[in-house]
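Pulled from TrEMBL, these are the features on record:
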| type | residues | note |
| --- | --- | --- |
| BINDING | 52, 327, 331, 368, 369, 438 | Zn(2+) binding site |
| BINDING | 52, 163, 165, 322 | Mg(2+) binding site |
| ACT_SITE | 102 | active site, phosphoserine intermediate |
């Protein structure tokens, strides 16, 4: 999708001038809705697709791009996620901030408890970066509930596997930044906290782990197998542990594969594999548009491998699939990259539906938060979503259909905007920031399969974990498979203890600290 490329509707949309076109289409949609029957089965499997930063503007723009990549006008395109019959909205604020990050939101939709910015797998009684407040305030995730119920579990991401979204499924940390022990302050280690990578091995027995993050698993200075000459890619750990080797030794007696490239990944036979750890990059994976298909598989391919391994379990599975770099592209003001990541994510959703059955698999697609990207102007039908408005601004300069409220694309020089550049264009931002922030509007929650009708209306984001758990009879509320209509005792997702602390006199310092932490892209 280059800037300015378009396929307008001037010649190809004559049928749309006929009112019968719209009437018949609406009647088909209406009949489909009338014919729909509630699926009240127990969900054997849960497929949970999380588009990080995939707000509704991003979904709309990616839909258009997907169609335009197929040489269509784009607006009428139906993405796979568009076919989900049940749609609701989730409120994304955290306990301490109006606009949240990926750590606080993940704790809400995976653990069912809202919390503070930058913290994962802990309640809001914990404080960002303060190890001592972590103890007794841990909350467990639906991945653990599913494992405890005998299901197989997995995580697939395009980021490092220690990043906020996947980490919240297995770790408890007062800071989302504690990827390895080298990232932790001395006080946190002294007070008994452990890094996220080490918790990946210790907390929950995760069957399939796919993403990036090799450097947080190996000792300081150990050369990366793919980039041996790159110092930034070398091992980070200061405790001398090689967690990849430890993971393999923990799986003695099982068929467990560790792979870091496509060749070895392709050689993994799902039918004979019990465990898979695939770490394709030292840190996050490459953007889909820059991915080397000879070295790294796509998110659709990793999703397929994960499902084929997990679905051998007769009790079913829980799989978290994160399109994690939609968010990172938006932080960089690179709308094109964000949209291509979203299209790739939609392909993974299609693969998930292809490999599972709707009668026993609950599939949920949602975002954790949105971004300050706007879809504006009056572009003609079929005009490139990455192009510019046909109307120029009052400064007699063009502007793009997509732009940002803040971010690195702020380009006012001597009171004027520069003309639009094409290659690797960073969209204009109204306010200069090193990295675009998140935005705080509600996000879409889309569902299909058993009990998908629970995902409707406007709800707290923390509701999502409880609704998924109810559908699958995992966690404390198992009424759905026992036929019990009465309310259960209030479900607690606190792992240890659970005391609640009021925000004390140091609250302002905590809030300021969290804000400073957000200077870096999250």
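Even glycines carry a Cβ here, placed using N, Cα and C.
Neighbours of residue 102 (active site, phosphoserine intermediate) among the binding-site residues 52, 322, 331, defined as a Cα within 10 Å of its Cα, are 52.
Nearest to residue 322 (Mg(2+) binding site) in space, judged by Cα atoms and limited to the binding-site residues 52, 331, 368, is 52. If you check the binding-site residues 52, 327, 331, 368, 438 against residue 163 (Mg(2+) binding site), none has a Cα inside 10 Å of its Cα.
Taking only the Cα positions, the spacing between residue 368 (Zn(2+) binding site) and residue 165 (Mg(2+) binding site) is 9 angstrom. Residue pair residue 165 (Mg(2+) binding site) / residue 52 (Zn(2+) binding site) shows a Cα separation of 8 Å.
With every protein chain in view, the residue among the binding-site residues 163, 331, 438 whose Cβ has the most Cβ partners within 10 Å turns out to be 163.
Just so you know, the Cβ of residue 369 (Zn(2+) binding site) picks up 28 other Cβ atoms within 10 Å once every protein chain is counted. Taking all protein chains in view, 31 other C-beta atoms sit within 10 angstroms of the C-beta of residue 368 (Zn(2+) binding site).
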